[in-house]
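Encoded as structure tokens, the structure appears first; notes follow it.
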Amino acid sequence: MSLASLARALSRRSAPSSSRARQGFSLGGLGGTTRSPPPPSSPLPSLHGGEGGGLGLGFVRGYLTAALGRPAAVKAGTDWRSILANPQFRRLFSDGSKKNYENYYPKGKKEAPKGDGSNKSDSKQDSSTDDQWNFQETASKQLQNFLAPLLFLGLMLSSLSSSSSDQKEISFQEFKNKLLEPGLVDRIVVSNKSVAKVYVRSSPQSNSQGQNTDAIITTNDVPSKHTPSRYKYYFNIGSVDSFEEKLEEAQEALGVDPHDFVPVTYVAEVNWFQEVMRFAPTVFLVGLIYLMSKRMQSGFNIGGGPGKGGRGIFNIGKAQVTKMDKNSKNKVFFKDVAGCDEAKQEIMEFVHFLKNPKKYEELGAKIPKGALLVGPPGTGKTLLAKATAGESGVPFLSISGSDFMEMFVGVGPSRVRNLFQEARQCAPSIIFIDEIDAIGRARGRGGFSGSNDERESTLNQLLVEMDGFGTTSGVVVLAGTNRPDILDKALLRPGRFDRQITIDKPDIKGRDQIFRIYLKKLKLDNEPSFYSQRLAALTPGFAGADIANVCNEAALIAARSEETQITMQHFESAIDRIIGGLEKKNKVISKLERRTVAYHESGHAVAGWFLEHAEPLLKVTIVPRGTAALGFAQYVPNENLLMTKEQLFDMTCMTLGGRAAEEVLIGRISTGAQNDLEKVTKMTYAQVAVYGFSEKVGLLSFPQRDDGFEMTKPYSNQTASIIDDEVREWVGKAYKKTVELITEHKEQVAKIAEMLLEKEVLHQDDLVRVLGERPFKASEPTNYDLFKQGFQDEEDSKNQEAAKTPQPDDDGTPSLGEVVPT
């Protein structure tokens, strides 16, 4: 019988049961004592609930009284009766609808609403009511699932723990003097050969008049004779033989006839509370393991993070795949990808083939098995793969290369098999493996792979799945990496990755397109096209991720300044923040150091201004940025694919301009030129030892490894000495020319330095006022020309608008829009 039906039955019988609770109905204890018949004036309620024949409260009270063997259980039963009879408590265990709330139950709404004139407010109210009821229903079901076991467990533990609270422990001497000598002992039950339970005769007056049954001892704490016995006292015995001997001696001393000796019975009882507590740690441990296994299967698991779709301990060999299809939300399309038109065209061929395979099959063409996206970090490899998933319209399975590696042996190959099996089941499909270099590294040689056995097994399984004996068509594999040089050659061969699509950093046109995409999402004071070209000119060498960071930094700076729109000043501050680091205006710098930095940066500006092949200066500042830079000069370099010897020489001179200015104008040098000297040394060594510009070294090239693990030089010591002497000579020539240039324009260098000390930041317009126009004109427009072109167009438009506004006549007659004071 369910708890709901039990509660309803108890509520129906609550009133009669409460009246019968005061009547003389008593059950014996566990020792088997018989009931005393009630007086004729008090009818005894039946065990099945009296007249109704149902399960009444008397049965529950009687059962609890018999089970606990104590009168206190009657009071506890009365308390439980009032709780169970509460309608709100019964409603927790009922699946039926509440009274007068049937219309609010979603399950009861089977008929469609009549008419179509319902307004939106009613529908919203109904939906909110349904959501509220769904939450209440879910909470109620969860409460039903947990409350019943907890209630039963609490009732059992409370009854078991307090079952012996009404029994009093006495000594054998007290038993002999107060109970055995007056002849009040009815019988003795020895439990488990250790405890002697004494059943004494209770007072008949306590049952007939409804008094407290705990008062079984009459005046002077002596019970009456010839009454039904109850278990009230107990004492511990050392051994059965000793107890029987002492009991027999005591009764013989009292002159009791052997036929009237107190009967002694031996029982083996189970203390349920002790048994439960003994098995409680084991049950708790088993339950904990069960809950952990359920949680691992639902999300928090081995081999995967928390969340939906995690791998359990029994599913650790399955790949955790992010699957997308045509119904997925938050898709990325090819129109959201810019700056890599050639790579996008190659990827779009895969999409076109999957959508229209007959067009290619009629020509005898086969779709490539895979394509490897290669490029520097932040160029949009993963974004291009997301666009492929959004445009293809076929299932797209994405996984990271590190997801194949696990602490268990054999998990990697198993996940590769599971991944391709899932892809073949929904073919045609696309698999994208991001950062494939985690499992695609070149295998070890000579059997000395060591700890890479698991990775090599995973790679072997990937090779077999892509182009092996049992390979099936319809699955295209895309992969992304920025380390193609370390991949295994077997992975790069045609038949597996047929194409290598290189995604380089965007040029100025690509950056313009990328800026247009990100600027559409910002609140600007002008159109996105107003900023895109000049920002593209200001950010040479920036990848797509860097451009996104610039836009985000500009928005943060505008929000920090409590601005409602983003302006060009915010974008320039964002670019300075990314290039130079965090601005530190509060950094403590002495006046002498600040003056040295000002002359150093002024030397860079003047040297670059009067050198033909030097990059044009955009801005110079002495505001400290980053961790070490006390000032910097920002240039707008041209993205030249080829560099001449003269260009490199002028760039070397410009880099040495700060050191030359310190020597010429201040008269002493500082450590501020350390970074400049490092750049000059690297640039000059490249000219001599790599580019073949030196006549003494000849047409030889010794490129250095980028990783710095080159143990031996690929040339002799004599050649190394020639290279060192040549580099030293070239740097000396460049520095000599720079000193002459700074000496020639000493006054201008000092004037710019004083302006820097006053303003801290100078732009090209300030330099033009001091130095005049640059004496060199480029034959083709440079990045700086493109940057200035936007401002020139803005000034022209303002001038045109000013020309269109009406002007006052010469005779003093006011125009239409002029206000004349009176």
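Glycine residues also receive a Cβ, built from the backbone N, Cα and C atoms like all the rest.
D676 is the residue from D525, D546, D676 that Swiss-Prot records in the Zn(2+) site together with H600, H604. Cβ crowding, taken as the number of other Cβ atoms within 10 Å, peaks at G375 among the binding-site residues G375, P376, P377.
Same-chain residues with CB within 8 A of the center of the G375, P376, P377, G378, T379, G380, K381, T382 CB atoms, the ATP site residues themselves not counted, are G480, N482, I503, A543, G544, A545. Among the listed binding-site residues, namely T379, T382, the Cβ with the most fellow Cβ atoms inside 10 Å is that of T379. When the recorded positions H600, E601, D676 are ranked by how far their Cα is from the Cα of P376 (ATP binding site), D676 comes first.
Among the binding-site residues H600, H604, D676, the residue whose Cα lies closest in space to that of G375 (ATP binding site) is D676. Separation of the C-alpha atoms of P377 (ATP binding site) and D676 (Zn(2+) binding site): 27 Å, rounded to the nearest whole number.
Here G380 (ATP binding site) is compared against the recorded positions H600, E601, H604, D676, and the shortest C-alpha distance is to D676.
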